[in-house]
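Q: The structure's right below; bear with me while I get my questions together.
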Amino acid sequence: MDFILGIGTLLVVLLAMTLFLKFAPNGKVSLQALSGAACATFLPEAFLKYAIGGVFHIDYFVKIGEIAGSLSGVAVGILTCLKFGVNPVFAVLTGLVLFDFKLLPAFIAAYFVAFGLKQVEKRVPEGLDLIVVILVSPAVAYGIASIVSPSVIAVLKQIGTAVTAVGDNNPYALALVIGAIVPVVGMTPLSSMVFTSLLGLTGIPMAIGAFGCMGSSFVNFVLFRKLKIGNPGKAFAVAIEPLTQIDIIAKYPIQLYGTNAIVGAINGLFITYMGIVVNQPGMATPIAGPIVALGFNEVVPTVITIVVVAVISIILSYIIGTFMSKRNLNFNFKSNKLNNQTN
């Protein structure tokens, strides 16, 4: 039962994010803001607090990392408004009051307030609009965040608990699922960082996400070369950050998503076997994730895991890519509908 509940919650969160991306007004740019805020706060915290401060015991960097990580509410509030095209001053006024809130409650508040700010800019005379924003926007943003925060945090905590329970009872079963899902999510606008941040994944599940995304970089590079997808520059770019080539990735969903899911599941099993942990949510990113893992684990097992995951990813993707190439399975989808979704 715990396994069904845990896996079900993973899929529900993924479905909810997908529906928001597809159908919510400004859903795509909003998720970009959410991803950007996670990157701008969680990554510095992980690098500075754990990878540098934690490994080398430098309190100065630990403090800087903690400060950066505490500003996720402010960051997502400002970035969400900016993605809506709101005046930067208005965006900052809105984001500053979200200091005490976690990423998702602050995002929800900023998302709704941004619609109102656009109407203020449109209907209120210039000069007077600043006064209106000062009087209304911070209060409304803080109020919305205060209302939604308890329930949102409780739900996310429950989801994280359910997923962790699966890992405690069926670690290798969970490894297969997370290993397959997270790298694929990292190749969509949903962003693996946001997905794992919202779930609050830590420990081995987060390590699977981090190293899985690293493995995905090797998989994508090999497949781009074997299937002759784009030029060598595109292959290098997708290895560094898949989202930079999302329009191309969307044209080869079967080849890229399918291969990443298979390789990611196998990598997940090995990472679970090694017992590597990452106790910082949101570290499902190709470069930062494995580096941050050094702050939570012994160096030798972590380096072994990095090397083995890279080797597994390269070998399996080469075999699968060769098979696809020989079977002429390097076709792509170029429908107008797909192009509209990815542009």
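Cβ atoms are placed via backbone N, Cα and C, with glycine included.
From TrEMBL, here are the annotated features:
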- 31-326: domain 'Phosphotransferase system EIIC' (DOMAIN)
- 6-24: transmembrane segment (TRANSMEM)
- 64-82: transmembrane segment (TRANSMEM)
- 89-114: transmembrane segment (TRANSMEM)
- 130-156: transmembrane segment (TRANSMEM)
- 172-198: transmembrane segment (TRANSMEM)
- 204-224: transmembrane segment (TRANSMEM)
- 261-279: transmembrane segment (TRANSMEM)
- 299-320: transmembrane segment (TRANSMEM)
Q: Counting only residues 6 or more past its boundaries, what in the same chain has a CB within less than 8 Å of a CB in the transmembrane segment (299-320)?
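A: Same-chain contacts beyond the flanks: 211-212, 214-219, 222-223, 226, 259, 262-263, 266-267, 270-271, 274-276, 290, 293.
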Q: Short question: which residues 6 or more past the ends of the transmembrane segment (89-114) have a Cβ under 8 Å from it?
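A: The answer is 26, 30, 33-34, 37-38, 41, 70-83, 120-121, 130, 133-134, 137-138, 140-142, 144-145, 148-149, 152-153, 156, 197-198.
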Q: So which residues does the transmembrane segment (204-224) touch in its own chain, when a touch means Cβ under 8 Å and the partner is 6 or more beyond its ends?
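A: 163-164, 167, 171, 174-175, 178-179, 182-183, 186-187, 192, 196, 230, 234-236, 238-240, 242, 249, 255-256, 259-260, 263-264, 267-268, 271-272, 275-281, 283-290, 292-293, 305-306, 309-310, 312-314, 316-318, 320-321.
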Q: Can you name the far-off residues of the same chain, 6+ from the ends of the transmembrane segment (172-198), with a Cβ under 8 Å from a Cβ of it?
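A: Sequence-distant neighbours of the transmembrane segment (172-198): 3, 6-7, 10, 13-14, 17-18, 21, 28, 31-32, 34-35, 38-39, 42, 103-104, 156, 163, 166, 204-206, 208-209, 212-213, 215-216, 219-220, 242-243, 246, 249, 256-257, 260-269, 271-272, 281-286.
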Q: Averaged over the domain 'Phosphotransferase system EIIC' (31-326), what pLDDT does the prediction give?
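A: So the average pLDDT across the domain 'Phosphotransferase system EIIC' (31-326) works out to 90.
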